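Visitor: Structure in structure tokens, see below.
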Amino acid sequence: MLAARRLLGGSLPSRVSVRFSGDTTAPKKTSFGSLKDEDRIFTNLYGRHDWRLKGALSRGDWYKTKEILLKGPDWILGEIKTSGLRGRGGAGFPTGLKWSFMNKPSDGRPKYLVVNADEGEPGTCKDREIIRHDPHKLVEGCLVGGRAMGARAAYIYIRGEFYNEASNLQVAIREAYEAGLIGKNACGSGYDFDVFVVRGAGAYICGEETALIESIEGKQGKPRLKPPFPADVGVFGCPTTVANVETVAVSPTICRRGGTWFAGFGRERNSGTKLFNISGHVNHPCTVEEEMSVPLKELIEKHAGGVTGGWDNLLAVIPGGSSTPLIPKSVCETVLMDFDALVQAQTGLGTAAVIVMDRSTDIVKAIARLIEFYKYESCGQCTPCREGVDWMNKVMARFVRGDARPAEIDSLWEISKQIEGHTICALGDGAAWPVQGLIRHFRPELEERMQRFAQQHQARQAAS
């Protein structure tokens, strides 16, 4: 997703760091991972059980939801803040703080919650699994989140290619209406709340929150300039919060089990459990729920069956979806999978889509393919992105062939820096970072490829 990824470029401002809290009396944890089954939030992640209302009720969904609603917005926001939950769509912004922006006196305009289910980030499929196998968690999360911010309704914007998932979600919404769980007097709480599904049309840029809002309004999906921010002027000109599917879906469980319980997982400022997608050169690609701050090596070896050919065959990993810089094997040995640890490693958690590449990978060609994707998906609104990504794509194509000069490596780095931070949305950043990761860690590979091409060219000339 494209939700304000620039926060990944550095540490969070000090004014928001105090928002992360946990149980200060508990001893500080030093090891992470091996999440117990009783602590898993997504208990039907693999679709082994009934996803409809009857099955959801048997797994604890919709349990005491009325009590949660009756406790009011301040109590819900308090639990979310205590939990230390950070946005699961890529930016990692404190969820309780973000939702509290909506909790202000009404000016007569209705408030809306928009759920970003436009999951288009290459390598990412966690939200798809939630919608396909646990849709009632999302519907209940919309109700609880909507209550926290005083929203009148939720719009779930789902990727156009997710046809079956959208069908399951629509069935879950209908069941919730028929059971009186949403709609008029939701759960008997006296609170009215509606949920609507909006289908996307395949544009990656609509994963950016303001482009998504434009699309819901029936306009071309192009990001808006901010300010005004969606919390002031969002969908249909009304106060709006845009939140990721996973962020919304975990909120009822946090309220039921307590923010302190959720804060007990992971390192400080990196609380909770997290869905990880592991794909690429692993023996068993999977989506798994694990504790935040789990070591990357443990995540791959325990849940994905290890790297094909063994750990020593590992070349590099993209840890957070295609828009985060890759890290080489030497970094993968010890890095933890959380926001702060990956920022220190000059990359980011992003969507937690772990793309594993072994030594058979043509790393230059792999990154070039990602740049081609971003060139295609750029909306063209900003000159640095429109022209810069096209330029990067052409240079990377020459790097793949080796038909370039070593000085062009530095030129490409400068181009990426001119794109990063100079666009309306974060798509430009997402296109620049893979290139920066490649140059930072695999510059010798680029130079060797150019040298090899030059030698072959000289040999052909000599032969002719």
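Each Cβ is built from the backbone N, Cα and C atoms, and glycine gets one as well.
Sharing the features that Swiss-Prot gives for it:
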- Gly87, Arg88, Gly89, Gly90, Ala91, Gly92, Phe93, Pro94, Thr95, Gly96: NADH binding site (BINDING)
- 199-247: FMN binding site (BINDING)
- Cys379, Cys382, Cys385, Cys425: [4Fe-4S] cluster binding site (BINDING)
- Lys81: N6-acetyllysine (MOD_RES)
- Lys81: N6-succinyllysine (MOD_RES)
- Lys104: N6-acetyllysine (MOD_RES)
- Arg257: omega-N-methylarginine (MOD_RES)
- Lys375: N6-acetyllysine (MOD_RES)
- 1-20: transit peptide (TRANSIT)
Visitor: Neighbour count, 10 Å Cβ-Cβ cut-off, for Cys206 (FMN binding site): what number do you get?
Guide: 29
Visitor: State the Cα to Cα distance, in Å, between Gly87 (NADH binding site) and Cys206 (FMN binding site), rounded to an integer.
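Guide: It is 18 Å, counting Cα to Cα.
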Visitor: Identify all same-chain residues not among Cys379, Cys382, Cys385, Cys425 whose C-beta atom falls within 8 angstroms of the centroid of the [4Fe-4S] cluster site's C-beta atoms; report them in sequence order.
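Guide: Other same-chain residues with Cβ inside the cutoff are Ile205, Lys222, Pro223, Ser378, Gly380, Gln381, Arg386, Thr423, Ile424, Leu427, Gly428.
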Visitor: I need the CA-to-CA distance for Lys81 (N6-acetyllysine) versus Arg257 (omega-N-methylarginine), whole Å please.
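Guide: Their Cα atoms are separated by 14 Å.
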Visitor: Since the record lists Gly87, Gly89, Pro227, Gly234 as binding-site residues, which of them has the fewest other Cβ atoms within 10 Å of its Cβ?
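Guide: Fewest other Cβ atoms within 10 Å, among the binding-site residues Gly87, Gly89, Pro227, Gly234, is found for Pro227.
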Visitor: Tell me the coarse DSSP state (helix, strand, coil) of Cys206 (FMN binding site).
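Guide: Where Cys206 (FMN binding site) sits, the three-state DSSP reduction gives helix.
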Visitor: Using only C-alpha positions, which one of Thr95, Pro227, Thr241 is spatially nearest Cys379 ([4Fe-4S] cluster binding site)? These are the binding-site residues in the record.
Guide: Pro227
